[in-house]
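In what follows, a single structure is set out as structure tokens and then discussed.
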Amino acid sequence: MALSTRLTSSLRPTLAALRWAAPSQCRGLSTPQRPEPSVDLRGIFPPLATPFSPTKEVDYAQLEGNLSRYASIPFRGLVVLGSNGEYPYLAPHERLEVVSCVRQALPRDRLLLAGSGCESTQATIELTVSMAEAGADVALVVTPCYYQGAMTSAALVHHYTEVGDASPIPVVLYSVPANTGLNLPMEAVITLAQHPNIIGIKDSGGDITRMGLMVHKTRQEDFQVLAGSAGFLLASYAIGVSGGVCALANVLGAPLCQLHHLCHEGQWQEARNLQHRLIEPNIAVTRRFGIPGLKKAMEWFGYYGGPCRAPLAPLSSTQVEELRSTFSINGWL
């Protein structure tokens, strides 16, 4: 029996419960009640890797194959065209075709978040409208960063307000300072949380204090905070985030959904044990080996990873062995 099949089988009772249960607040923690969200982001979202053929064209058949395998995992939805989707390396027509392909394969009860952030406000608005027409439910808008010194809190509030006003679908802010060199300022987040069409933020910075303050300061708004990495997911749930957009979910989606379930059921010891086993693999497919590492790991768990587009380079044989060892010593291989 394949490893991915054994893993899914061992988690089937939990996954079945997750599939049919309504989202609940974390048990065992006393947190203020938030307004019922207009779009429920509670759950796990994998930021899909974009599969390329050996000639580096988008391989839509392999994308559909991965989607069929993910269908058995109770994700809240999927993210396309994020950092792990090699968004900057896709042509405009490819971006829309990817969204359309995923929307056609995705059940309507699962959300589709699509990256539409560009450097200019006008380009972001135009792409966001196109993403909505292609089938996206929510726009995930990364911070513009090329003119980093000019990206003050006021400039970013203006940018996102314009996008939120013009977008036909809800907007989720995206702060990923490791890639942009820019952390969306806290005062900007608090201001933007009051916009009726801006419903949340994916924060990939890993600063739990900052994320906890976001949750606290926006508790009266229709606004949800999403953890941007599996390495700090349990800690994020403990301070009140709604869910996670985690690169590792491309590989270990079922365990991450189980971690979400354990935290929301207040089973903190079991959640802690599982979180510990996810930290090193998460580091390996993010900071250490990046997207080439993520795609290589996907292949070991029954998914198509394939090559990256240049200038991202494949892993060396030594790096592959180090990556495999990281998953093995934590009990995943």
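Just so you know, glycine gets a Cβ as well, placed from its N, Cα and C.
Where the annotation comes from TrEMBL, it is an automatic prediction and has not been curated.
Taken straight from TrEMBL:
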type	residues	note
ACT_SITE	Tyr174	active site, proton donor/acceptor
ACT_SITE	Lys202	active site, schiff-base intermediate with substrate
BINDING	Val245	pyruvate binding site
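Rounded to a whole number, the distance between the Cα atoms of Tyr174 (active site, proton donor/acceptor) and Lys202 (active site, schiff-base intermediate with substrate) is 5 Å.
Cβ contacts within 10 Å of the residue listed as 'active site, schiff-base intermediate with substrate', excluding its own Cβ and spanning all protein chains shown: 27.
Across the fold, the C-alpha of the residue listed as 'active site, proton donor/acceptor' and the C-alpha of Val245 (pyruvate binding site) stand 11 Å from each other. Its Cβ taken as reference, Tyr174 (active site, proton donor/acceptor) is surrounded by 28 other Cβ atoms within 10 Å in the chains shown.
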